[in-house]
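Per TrEMBL, these features apply:
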type     : residues : note
COMPBIAS : 640-651  : compositional bias 'Pro residues'
COMPBIAS : 658-690  : compositional bias 'Gly residues'
DOMAIN   : 43-326   : domain 'ABC transmembrane type-1'
DOMAIN   : 364-620  : domain 'ABC transporter'
REGION   : 621-700  : region 'Disordered'
TRANSMEM : 40-63    : transmembrane segment
TRANSMEM : 78-99    : transmembrane segment
TRANSMEM : 153-171  : transmembrane segment
TRANSMEM : 177-199  : transmembrane segment
TRANSMEM : 262-283  : transmembrane segment
TRANSMEM : 289-311  : transmembrane segment
Ligand SMILES: Nc1ncnc2c1ncn2[C@@H]1O[C@H](COP(=O)(O)OP(=O)(O)OP(=O)(O)O)[C@@H](O)[C@H]1O
């Protein structure tokens, strides 16, 4: 392995197999900062090692005394007493060794606990953009395998460092007993030392390679064997080719694993060989000295015994540098993650939104909002992306996807976002819940810039139901309670009833305690969506964002969920990405989004009559989900112009409400607060459901 010092840190190349890795300067200092809280335990470890070393050096002295003072002088009593003492020391040595393992383990595990918690908390704070680029397998491997590696290497390093104490004491005693025999005993050490160094570094390089290969394997498994990946693979995949690729990866793991086993065994064998050869040498030379009367027999036995305790710690010392590098590399990989500044953070002086919960709905305003998705370099680590961005993409300026949006959503009203695919509708909703921050302009809730709000109050204020409702692999109860842990059983059941999912849940043998599979796959799409609706109902936010949450539903359950949604939207400010005619008809305001701009704004009838982009969308998209009478009159009414800076809300033009609807509360006086009448073609003025659902054949 090649280790070179560069201005930017240390570069390690672990041979042809191990990828080069750069350890950034300051890493060692930061590792020490992690160890510092455990300094009392480190001190205890040093003390225990000292006691253990004293036991190690005391035993051969007793053996010498047994032979020279007891056996040679025919003193049976002394032999027995000293033998008992040797036994007692053996027992004490076991205890100190156990204490050493416990203490070093406590330090290693304590540091890895701190690392785990810190890195989990850090990843929690990362913005959504980070997760859109990061490969889950690589991230999970960084958070688990790398932490384990760091802990193991740190524990070994501590044991080798404290082992130096033993080496010093043993060598001191050997030279005290016979400097000549000790020198002879150490003659072979340099011959073995270089192979040891080499083996230690190969071991380290292969462990690192193994870490990377495991990350690759775990990435493949995560990607292929989550439910959606497995489904894609079944429908489109080439199993034979994928198996061959996996086999290739597994073969590399096998090869590295075999080398690791061989090298660690080799290190052990070398140590045993050195001990055997040196013992032979000591007895060969020392035996002659005993015969010449220069050395006592007891001293010779003591020297041979000490030899047995010398090479273990020396081997550990030889691998200390490699272990230290492993510690640095593992920590550095985790520090790399910890050093990423979350792009979206709560301001230190953030204020809580006055009324995050249901009830008085707030106003939402977009003021001259422009937005570009962050560049990869701002949000992700190249080493956590499986397929890194091709040449230059990481540095390229991200294109703007929303341009100077200026509109308002009055309290308690429903705004539908419609527009072609890729127009920017989802992106707009992401800005409300601060999944992303605007590039310029401001998004306000009740006059407050969302960037000035506390995360907690913003989370409590905005409830989102996406098209692909995600459920944790947990019970239905836990999935629902995730939105509001303090909710009682009665509230959970009520939310389920309102979301028209209670009949299904109560028919399951385990009811609310039924575990839903990975990503909730044991439930149908519609059932999952109804659970997601129940989750939002339970959360009772004051703002509801729906990404056409009824898209998966059949007509019966859609009608049921539409009713539930009306309850959910009642007295709430809502932003709905609408793909359905029924939704846009009921909206107080429709924003037609195209290429990141508001092209048209108005009610369904106004926009239809204007004959612009909305009419085109209506003809190609919405009219498929139901029918409406053609626009009244000549169909050439002007669309409402895209909204200027004033927008609706205080001081701006009013959002149009129909059927007697009032801004600030859902119009129409109907239970769900959905706008009622005034619509051509059968809307029910002033109340009840928003007009009869119209079937494809045009009949009500
Ligand atoms: N995470 C992302 N990083 C970079 N660009 C993105 C990201 N998500 C979306 N985009 C781009 O932003 C633009 C707007 O996407 P958005 O998802 O908001 O459109 P949409 O109107 O919701 O589309 P659809 O109706 O198909 O869901 C698109 O050009 C899209 O490619």
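Cβ atoms here come from the backbone N, Cα and C positions, even for glycine.
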Which one of these stretches, 153-171, 177-199, 262-283, 289-311, has the most C-beta pairs shorter than 8 Å to the transmembrane segment (40-63)?
153-171
Name the range, of those listed as 78-99, 153-171, 177-199, 289-311, that has the largest tally of Cβ pairs under 8 Å with the transmembrane segment (262-283).
177-199
Contact between the transmembrane segment (78-99) and the transmembrane segment (289-311) is defined here as three or more C-beta pairs under 8 Å separated by at least 6 residues; is that satisfied?
no
Quick test of the contact rule: Cβ under 8 Å, at least six residues beyond the ends. What residues does that give for the transmembrane segment (177-199)?
60, 64, 171, 263, 266-267, 270-271, 273-274, 277-278, 281-282, 285-286, 289, 295, 299-300, 302-303, 306-307, 314-315, 318-319, 321
Across the whole of the domain 'ABC transporter' (364-620), what does the mean pLDDT come to? Round it, please.
83
